[in-house]
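Under the heading domain 'ABC transmembrane type-1', TrEMBL lists A:90-278. Among the features that TrEMBL reports, region 'Disordered' is placed at A:1-21. The feature transmembrane segment is assigned by TrEMBL to A:29-47, A:94-114, A:126-146, A:152-174, A:213-234, A:254-277.
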Amino acid sequence: MANPPLAAAPPRPRRKRPRSFTTERRPGFLVYGILLAFFLGSTYPLWYSLVIGSSDPGVFASAWPPLLPGGQFWHNVAEVFNTVDFWAALGNSLVVSSVITLSVVSFSTLAGYAFAKLRFRGREGLLVFVIATLAVPTQLGIIPLFMMMKEFGWTGSLGAIMIPTLVTAFGVFFMRQYLVDNIPDELIEAARVDGASMIGTFWHVGVPAARPAMAILSLFTFMTAWTDYLWPMLVAPQNPTLQVALSQLQSARYVDYTIVMAGALMATIPLLVLFVVAGRQLVSGIMAGAVKG
Amino acid sequence: MQPGPGSADPGPAEEENIFMSTLTNKPPGSGTGHLRRKARPASPTPEKLLEERHSGPQRRRHLFSRLDYKYSPYLYISPFFILFGLVGLFPLVYTFVVSINDWDLLGGAGDWVGLENYAAELSSPLFWNSLFNTFSIFLLSAIPQLVIATFIAAMLDQNLRAKTFWRMSVLVPYVVTPVAVTLIFSNAFDEKYGLINNLLQLVNLDPVAWKTSVFPSHLAIAAMVNWRWTGYNALILLAAMQAVPRELHESAAIDGAGMLRRFFSITLPGIRPTMIFVIITATIGGLQIFTEPKLFNASSSVPGGPDRQYQTTVLYLWDLAFNRGDFGRASAVAWMLFLIIILIGVANFLLSGKIASSGEKRAGRRPMRRGRNASRPGMTGKPAGGQDMTETRRRDHG
């Protein structure tokens, strides 16, 4: 920061940018109309999956695309349960995503804190290394990874699904960027003067300060783990996550799209719930830079 | 410097003793276990330090706090580096080893073949086809996406009522997983019964062979990517737009610049670094697209279309490795794709480095006014590095 260190830096207050009424008039209907159209386009595919997922296969014979849901939803849901073990897949996804999230967030906070607030030889170099690996497509290492899992006899286990994403360079970088600004050095110095050990300082100063960023990182790590398809499909098809089970619906010999659509909708519901609960945090997380391709 | 584990040096044992004795002397307080672990790598120093200083409980506490201070950081970053090395970097590097061997899924490591796998792939029309498809789909998704996202961000940047609602509304597609997106769109693009062809026929247009011809299939797959990511990118760009100083807009408005003029002359230059960032992430993700082409057409026995119309490179790699069992050639493909992505990344980095430095000049002129929630990690490495230097300097006084 440009300004000289303050004696006891208080958390910087959020400064609202001054709005002037000459340029900040309320926009007209056109803007709302465009946004509404975009919103309808954003939600229509979900509506479409509900319409098809609640119809019987005859729906495809009609010339006009149907607009309203039919009465077959529960029948199709039952068919989904008959075709794949939905609950087991849901459980697998929950376990895999939770463990990955826990691991990524803990290790990222620890490393991010060290990079942001502790002095050690090689810090700059190692941080550059972390930043450089942000752009490295580690997904391309799947062949040796698969060989390793096979060698250890781990294929088919949930552990094998989790292993490649237990840490991410992104998480470390994200936590570091947040903590650099959000822990006053004076607080750490004070804890040290008071005789706190390093880990004690981390626990009592670092973690509380890191909490907002940890929440955002958790959210995005969970989402990423939940949506992953290639690796779980490859390493543990017999122990499918929700995404893999969903794809298996389609690979049945005879594809009944009404059932596939019902399944797609069912698999989307958990994340829709998450969206309703934490949508605001997702938005502010993305806007604060929790960005990941 | 440290005696190897095999050498019969009494050093380690002695060191252990020192630690044990000091540990027992030391009043317990702060988890002796982790202290010992942390102090381990310090092997030569404790002896030296003990010689230098008179021993006494006070001194020893001092010593431990020093060791704690000095080596804890390494302990904190090591889980990341160890795990990342094992499951992130090692497999990538080992991919190269596999690629220069005649490696088989079932037979395992075969003969060393040098760069033969690379030569074979470079002369394989299937490889080039996959690269063409990947880039075609990437461009069809990246360009419209960026344009629309910028437009939507500009709409969201207005002084809207129910701001949060509109911001959330563009994010709905993001919570639909790629597998679900693909299943839904795959149905809508069905050649016989799909929604899109139905609509086309309603207005007396010919149905399009979305799943069996090259360009339409690319368009359909790009539509899935666009649908899921446009709103997400709009939010990133919105954040960047909000960091553009309002005074610029105001003074331009006073000088008589209209909305469009202000958008092109103020907003767009202001969000350029973020644009570059969005492009980089879109490139890294877009060149590795797999799920959408894999699941687009379930009835095709060849992954990526009956004639590989939309077989992307990662899909081709997967097919080579796990359907045909040719790990060697698949690894060569992986490495070439890796190099392509890195090359594009480096090009982008150089480009964004230039832009960031010109952006810093601009930033220097205006006062710090962003508030804390506008500090965007992940935008560019540059400002972070700058902060870091002041950080280090300040700590040096302590």
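Positions of Cβ are set from backbone N, Cα and C atoms, glycine also.
Where the annotation comes from TrEMBL, it is an automatic prediction and has not been curated.
As the structure is a computational prediction, the values presented were derived from the model and not from experiment.
Same-chain residues lying 6 or more positions outside the transmembrane segment (A:94-114) and placing a CB less than 8 Å from one of its CB atoms are 120, 123, 158, 161-162, 165-168, 171-179, 202, 206-207, 210, 214, 217-218, 221-222, 225-226, 232, 241. Using a Cβ-Cβ cut-off under 8 Å and counting only residues 6 or more beyond its ends in the same chain, the transmembrane segment (A:254-277) has close neighbours at 46, 48-50, 52-57, 59-60, 72-73, 76-77, 79-80, 83-84, 86, 90, 219, 222-223, 226, 242-243, 245-246. Taking Cβ pairs closer than 8 Å, the transmembrane segment (A:152-174) reaches residues 92, 95-96, 99-100, 103-105, 107-108, 111-112, 115, 130-131, 133-134, 136, 138, 141, 145-146, 213, 216-217, 221, 224-225, 228, 231-232, 235-236, 238-239, 241, 289-290, 292 in its own chain, all 6 or more past its ends. Sequence-remote contacts of a segment are chain residues at least 6 beyond its ends whose Cβ falls under 8 Å from one of its Cβ atoms, and for the transmembrane segment (A:126-146) they are 115, 155, 163-164, 169-170, 172-173, 176, 230-231, 234-235.
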